[in-house]
């Protein structure tokens, strides 16, 4: 009799399963609640930025030369005469019903604009993360397997460069080198000008739309154009993924079961890829999720450089025109995607890793 | 007794001697790591460049000379000239002052703010902790850059607002660290002793908890500086940060965009400055972490 636990009666099997189901239901509920609260927090921040910080939001809409009557009418129309918490409530209800206001510069509803621009960003970021994972994971594993070699040092430097190179600068240098000098890739934009508008948008992702329409030429032209911006994004996720993979692998390779396997004469490749790599797949999912979310952020900087018609470009144009509805709408959408990816990779980690269950 | 013996004494006789000895040990440990030495040198060069910019820069950073427009790098203009005939090297040198100002101010605003919020949260626990950390977590799970962009858009473009926006988005990580550190020392015996002696919460937090958080805070701040520089440059690039004719590096790259295909140096040169300085902070931060916090080696 050493612990209190052994003194407790052992639970009946059925009871145990019931408790597990209840615990899982509570975990799911807790997850949904944190997701909702985080999203509410995001809304509070955008609300704060949009309504509280500007000296006078009414003046921003009606302009300096409005009469007092126009001013008052606009103030009531915008609902700014009501108390702040009521305004916030209206804002939340509007956002959840898909109303993000109207963009001053495009004259359309922000929600419509965003759904038109989002696929281009999604396409680029997804290709970017694929490049990052395809190169980053093997590089990180190799670096850990040959710790201290020149390759390991090189990968370490690449990892740090991922934290210190401005994405927009890398895009510009890439354009100057691979497009202007070497002609290896297409220039800014998603397609050459004479292909523009030939494929009717179905998904909004040109690589998929062109294949659906059976236009192979356009597909290759789109690949030609997307490859550089996606590679620039891929570089940043590669840097981060390789760095994390290396550190996870080093942890595993120093474990005793790895030494045991080696002593028993298991081939080194098997030790690395089966014994050491298998356990790190779960934490890697979290890393890849975080990196994917980071690429959404990175694409904001990249898209202006490549004249890429995505959310980033929309956001930067809106920023320069002080088009606050568009700015806050883009912030909300990118923020929401960011939150969801973050939380989902967190949950995946807990579901897949038996120790965290 | 030499200075070195005094610094390395096993039983320091004053707090000043103990602190100096500790700093000396960290310093010598850093010297053994070539990359952190490189990082330290880069930051030292940045400091000196910013301090002595008027004497280092061969030309005025704003003086235009339209006859010398868009000259390629040469013996006279090391990094070439821009579209208004301004010497790019001189502008990069003067730009170091702006970068240094941004980095210092962001660190001075966000680190103490994060420290205070984290320490209060960890020390009091309960509802205070729940509310403050809930707030922190919301900020942490949002994209920093986008948030900074939205803040600057609302506050208006300019370097001061850029600094405020970056600071607002970077404190949560520090609050997390400070809270974790506070939780580990909150129940230490010496804290109870101070409390029994009648010290109030403010005194305990400021005098006995915050000093113990500093080393992990210094590591994190140094590592974050690269990100701060990149964000500031990004804001400048978009046109929301430092305004022309200020020689901010990101804004300079933005001006050079138009000429990137033929006069590559206009946009490329300031980028190298950003990369070198950011790498410097990364190297030094990595080195500091290895020395001050050996447990977490290799993790980011």
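Cβ coordinates come from backbone N, Cα and C, glycine included.
Values in this document were obtained by computation on a predicted structure and should not be read as measured data.
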TrEMBL annotation of transmembrane segment - which of the ranges A:201-221, A:222-242 it falls on: A:222-242
Between the ranges A:124-145, A:256-277, TrEMBL assigns transmembrane segment to A:124-145
Between A:85-108, A:157-180, I'd like to know which one TrEMBL lists as transmembrane segment. A:157-180
With pairs 6 or more apart in sequence, are the transmembrane segment (A:25-49) and the transmembrane segment (A:282-302) linked by at least 3 Cβ pairs under 8 Å? no
